[in-house]
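Worksheet: one structure, shown below.
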Amino acid sequence: MALTRQELELIRRGLGREPTAAELAFFTSHWSEHCSYKSTRRWLRELPGSAPWVVRGRGTDAPLVEVAPGLYVSFKIESHNHPSAVDPYNGAATGVGGIIRDILTVGATPVALLVNLHFGPPEDPHARWIFSNVVKGISDYGNRVGVPVVGGETWFDEDFTYTPIVLATCVGVVEAEAVPRGGVAPGDYLVVAGLGADRSGLGGSAFASKTLEGGEDLGAVQVADPLMGKKLIDVVREAGRCVKFIKDLGGGGLATALAELSSWFSLGIEFHLDKLHVRDRAAAPEELLISETQERLIFVVSPQDLPCLEAALRRYEVPYSIPGRFVEGGRVWVMWRGERVVDIPISLADGAPEVLWPQEPYQPPELPQLPEPPLEKALDLVLSSPNVAKKESIYMRFDFDVGVKTAVKPGEGDAAVLKLYQRGQLGLVVKGDANPRYTFLDPRLGAANAFVKAYRNVAVVGGVPLAAVDSINVGSPERPRVYWQFVQAVQGLREAAAELEVPIVGGKVSLYNEYMGRPVKPTVAVVVLGRIDDVSKANRAMWREGDRIFVWGVTRGEVGGSEYLKRVHGVVAGRPPAVDYGAERKIVDVVQSWLGRLTGATDVGVGGLAAALAKMAVNSGVGATVDVCRAPSDVGRLDFLLFSESNGRFVAAGEEGPGVAVGEAHGDVFEVRCGGTLLYKRRVEELRRLMLL
């Protein structure tokens, strides 16, 4: 996207002259929406991000959260929507590679990946093409680099047919003493390591800062190299303690990396582009500055520690060059064959002006009068929905056991559980959630719902939530309704984080998610990280023969934005479920008090109580007889009781359990009753086939 007239004038005034071609490329890339957050950062500053256990929050490539004395976890989320729309295989693969490198910047070893994927209807040929190639790209990269994909969330909606939302989260672990030590000083070297620069991904950040109109240039999409990605992991593991700082070379290329490094350390940089190792010797300096060639890191290292880093790079056969160093002063200098092609003050380089767009609120469509449908047919429709169905066809393509750290695997529970071998039975619990329908109807309440859903998933498995990262994906901010959606979503996240006392330590905003003038439904994904003291006590979403079944929490008549409303009545209307933060916090305490004494548990969410019970039966391979009318509720309609998506609820199973007993697990038939009336009956195997994507 071209610089605006006002931005060009600001650059001319800041430089005191006309910018060079290389400087124009520098600013076009680094001042793009994708890199500068110029339309969003004013609002993002409002998000709460601090807590005693947060070692490093927002503002650098990756945060750090202390989960045990001297043991840190880093996790971060990234979007790769535009590239995945044009080249879904490489778009998804490079999204995974990029988020892994972000985690490497704090010296952490990547231990897990999660993905939040939003596609068009699976029966649509184009959506199916994107879906298949995105999943293959994630699978191929994750499997080859040796980082397991342990969970995520998948959503299908017409809005994402041509504009998918592809989000990747990486979790890494690092001992406190292994974090790069900082203390950057003049004379320290900038070592660029990884693939040689070429023209791949040229202008990728500018490409991600405009809407899709069809016929986009594939050259803006980067190409992944998981073998080199794995080598960089090995180098960081071996030489991370030798260096002072690590920076990912991602969006914006060298332009953004140099601007951020200079700004973070308040030092000048002298960088010789002609000393950079390249694969395309015909590339012009302005192209090398903004190239987004993948699998590259910048290591900041002192002259005396350079041999330690070089030894590791040579051992793993990673190409590298030493084209830059920190210098006194406040300018970024880039040299090319003896000529200074970039000479920019730090304050200007990292000083993209903020933009505030007009906002236009709207009200969601009112919930219409709904006829009560035949319940057996309604149950089949909801349970077979792609948004409720089990996603075995996706996660079975991932090697989720590589590294043997996955204690609760995809499909087994509400969240992934990872064992931390550094600390006995201590583990991490992590889950990401989003509901674009909710955030379309009410962006503020929808964002809060995404937060509490991920929080509750972590809690029900047995984790104590510690921190969160978020990803907000909307259309063009130049549309007043879209900009209002974004601002409202931030307010919802701020409220949820503050009320739940879970800091937001990082995030990503992706704008211009449109195709041919049509914005996607605003999509707010929240990934919550928690800790569990004993992974062997984690709750899976299943029961055993003879278990009693319990429901905790009250079902209210909240079907606005529900899967039932869309699937059975073809309507998207009403308000999303209300959020009771006290009830959500209570779930943490209740589950902790029962930890190790339950067979299993699952939260109640999309598809309502009916979907939660059916999931438990299918996961277990054991049927049940359940009287849903025993569940605590204030509704008078059976369809609302079955399909309401009220928050603050979960299902548990065991000899005893929290909440109200509603049935018993036994046999191979799943029966739903209301008192003496049979509402639904399916053999578990039949139910399993019905619920497969």
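Backbone N, Cα and C atoms are what each Cβ position is placed from, and that goes for glycine too.
Pulled from Swiss-Prot:
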type	residues	note
ACT_SITE	His34	active site
ACT_SITE	His80	active site, proton acceptor
BINDING	Tyr37, Lys76, Asp470, Gly507	ATP binding site
BINDING	Glu78	Mg(2+) 1 binding site
BINDING	Ser79, His80, Asn81, His82, Arg101, Gln222, Glu292, Thr293, Gln294, Ser510	substrate binding site
BINDING	Asp102, Asp248	Mg(2+) 2 binding site
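Projection of Swiss-Prot feature records onto the structure.
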residue : record                       : Cβ neighbours (10 Å)
His34   : active site                  : 26
Tyr37   : ATP binding site             : 17
Lys76   : ATP binding site             : 27
His80   : active site, proton acceptor : 32
Asn81   : substrate binding site       : 25
Arg101  : substrate binding site       : 28
Glu292  : substrate binding site       : 29
Gln294  : substrate binding site       : 23
Asp470  : ATP binding site             : 29
Gly507  : ATP binding site             : 25
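Taking the mean position of the Cβ atoms of Tyr37, Lys76, Asp470, Gly507 as the ATP site, the remaining residues of that chain whose Cβ falls within 8 Å of it are Leu44, Arg58, Ile77, Val469, Ser471, Ile472, Ile504, Gly506, Lys508, Val509. DSSP classifies Arg101 (substrate binding site) as helix under the three-state reduction. Long-range neighbours of Ser79 (substrate binding site) (same chain, six or more residues apart, CB within less than 8 Å of its CB): Gly95, Ile165, Val166, Leu167, Ser471, Asn473, Lys508, Ser510. You'll find the Cα of Gln294 (substrate binding site) roughly 24 Å from the Cα of Asp470 (ATP binding site). Take the CB of Asp102 (Mg(2+) 2 binding site) and look out to 10 A: across all protein chains shown you find 26 other CB atoms. When secondary structure is read from DSSP and collapsed to three states, Tyr37 (ATP binding site) falls in the coil class. Using a 10 Å radius centred on the Cβ of Glu78 (Mg(2+) 1 binding site) and all shown protein chains, the other Cβ atoms total 26. Cα proximity to Gly507 (ATP binding site) (within 10 Å) is found for the following recorded positions from Glu78, His80, Asn81, Arg101, Asp102, Asp248: Glu78.
Separation of the C-alpha atoms of Arg101 (substrate binding site) and Asp248 (Mg(2+) 2 binding site): 6 Å, rounded to the nearest whole number. Under DSSP, Ser79 (substrate binding site) is assigned to a strand (E or B) in the three-state scheme. The two recorded residues His80 (active site, proton acceptor) and Glu292 (substrate binding site) have their Cα atoms spaced 13 Å from each other.
Among the binding-site residues listed here, namely Lys76, Asp248, Glu292, Glu292 has its C-alpha nearest to that of the residue listed as 'active site'. Around Asp248 (Mg(2+) 2 binding site), a 10 Å sphere centred on its CB holds 23 further CB atoms from the protein chains shown. Reported as a whole number, the C-alpha separation between Glu292 (substrate binding site) and Asp248 (Mg(2+) 2 binding site) equals 11 Å. Here the C-alpha separation of Asn81 (substrate binding site) and Tyr37 (ATP binding site) works out to 16 Å. Put simply, the two farthest-apart Cα atoms among Tyr37, Lys76, Asp470, Gly507, the recorded binders of ATP, are 17 Å from each other.
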